[in-house]
Amino acid sequence: MQKKCARGIEIFQRGKGVMGVEWLLVCHGLVTALVIVSFLCGRWPIFEGTFIQRIHHFITFGAYDYFLRFVGAVFGSRCADAVLSVEYYCCDRPNPLLQIIYILIIGATYYFIVKSCFAYIPGYYLSGIHRYISFLAVAVGILLFLLTSFSDPGTISADNVYQYLSAYPYDNIIYAEKECSTCKIPKPARSKHCSICNRCVARFDHHCGWMNTCIGEKNTRYFMAFLLWHFLLCLYGTVAIGLVLAGRLKELKVVDILTVYYGIEYSFMDLAPNVVQWLLGSYNTQILLMVFLAIVAMLLAGFFGYHAKLCLSNTTTNETFKWQDYMDWQRKLKEAKVSAEALKQSISGMSSEKQPLLSKWRAFFRKSPLEDVVVIKNNAYDKGFFQNIQEVIFPFSTRRSFTQNKFKSS
């Protein structure tokens, strides 16, 4: 007991002398969080017109544009063309760059967790089994990543196009009968030709650079599992590191040292700043890892929630843009009709008997006819909660009826 208290006092005194370092770490964490949130969420409607949106624009467009101008001005047009060639390869052609970055991120994060936390496992709150559970959890995450990346997203070819035409009928709202100008085959509803992969994909959602493939009919289930698992993985890592730090507080009797040795009052408001200061000074690596995992967990939770909502309504990311364009067009069309009708009534009222004038207050608060314009989204592919989930987990192309349609068409 005395050895533990002496060890705790020694570590606490060492932590007291690194106030500048801890504030540097706090600022580093806040800046990192700001950059990550701005980069990933800067285009969300909630951040429109804010500094988050401006930072996002600078990171994704402004910085690169200034860099390109600088290269052109200093090194000439040939160097600028070389930079554009690299951009074309990285952004407009299939390449494993982001896949490699993913492996490096998850590998480096797990390595630093092992180096900084495994020395305290087993500990006061965690048993030794978490050494093996963490490795298994990371391995499952990488397996889901590989499964999503290298499985067929639902490629449409001349051999299966008629089965997909039967599985996904046209709604004649956002999808109408047409031919793919690149593949020269009929284009089933809900499909899209991906210019990066150079193929038509059934139930196309989006092209994912992290996976280096499209997310479509066949691999949406793996993609959703990947997002959910990595959210749980980051949450598990955050909680586990938090329990490691809480265990160190218990084992080294930090609260007792603060109250008895330093005379700090036993209350949350008095203890919390000193405990945080001690943790930042003694376990800054673990805290940075915990903050990083917590931020990524929140981002993954939002991303998974967004895609889960789409799956439950049987809508894809690609279709959200199509529906937005359709709804805007319908709204403008209806507003034009309402305005024309209101103008017609106004002209007919002027030519008829003189109507009593409304008071200025009544005229001010009178509801505009344009406010009554309502556009209804009629999604023909929304079959209800259970059928929508079933379509994601068991895609049409994996069902026996899909194969039977193939024999019928041939």
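Along the chain as shown, the residues are counted starting at 1.
Here the Cβ of each residue, glycine as well, is placed from N, Cα and C on the backbone.
What TrEMBL records for 21-46 (among others) is transmembrane segment.
What TrEMBL lists as transmembrane segment is 66-89 (among others).
Among the features that TrEMBL reports, transmembrane segment is placed at 101-123 (among others). Proximity of distant same-chain residues to the transmembrane segment (101-123), defined by a Cβ-Cβ separation under 8 Å and at least 6 residues beyond the stretch ends, is recorded for 130-131, 134-135, 138, 141-142, 145, 210, 237, 240-241, 243-244, 247-248, 251, 283, 285-286, 289, 292-293.
Residues annotated as transmembrane segment in TrEMBL: 129-147 (among others). Distant neighbours of the transmembrane segment (129-147): 102-103, 106, 110, 113, 118, 121, 211, 219, 222, 225-226, 229-230, 233, 236-237, 240; these residues of the same chain sit at least 6 beyond its ends, with a Cβ under 8 Å from one of its Cβ atoms.
Taken from TrEMBL, the feature domain 'Palmitoyltransferase DHHC' covers 176-324.
Taken from TrEMBL, the feature transmembrane segment applies to 226-246 (among others).
Note on the transmembrane segment (287-306): residues 25, 28-29, 32-33, 36-37, 40-41, 109, 112-113, 116-117, 224, 227-228, 230-231, 234-235, 237-238, 241-242, 245, 279-280 of its chain, located 6 or more positions outside it, place their CB under 8 angstroms from a CB of the stretch. Here TrEMBL flags 287-306 (among others) as transmembrane segment.
When averaged over the domain 'Palmitoyltransferase DHHC' (176-324), pLDDT in the model lands at 91.
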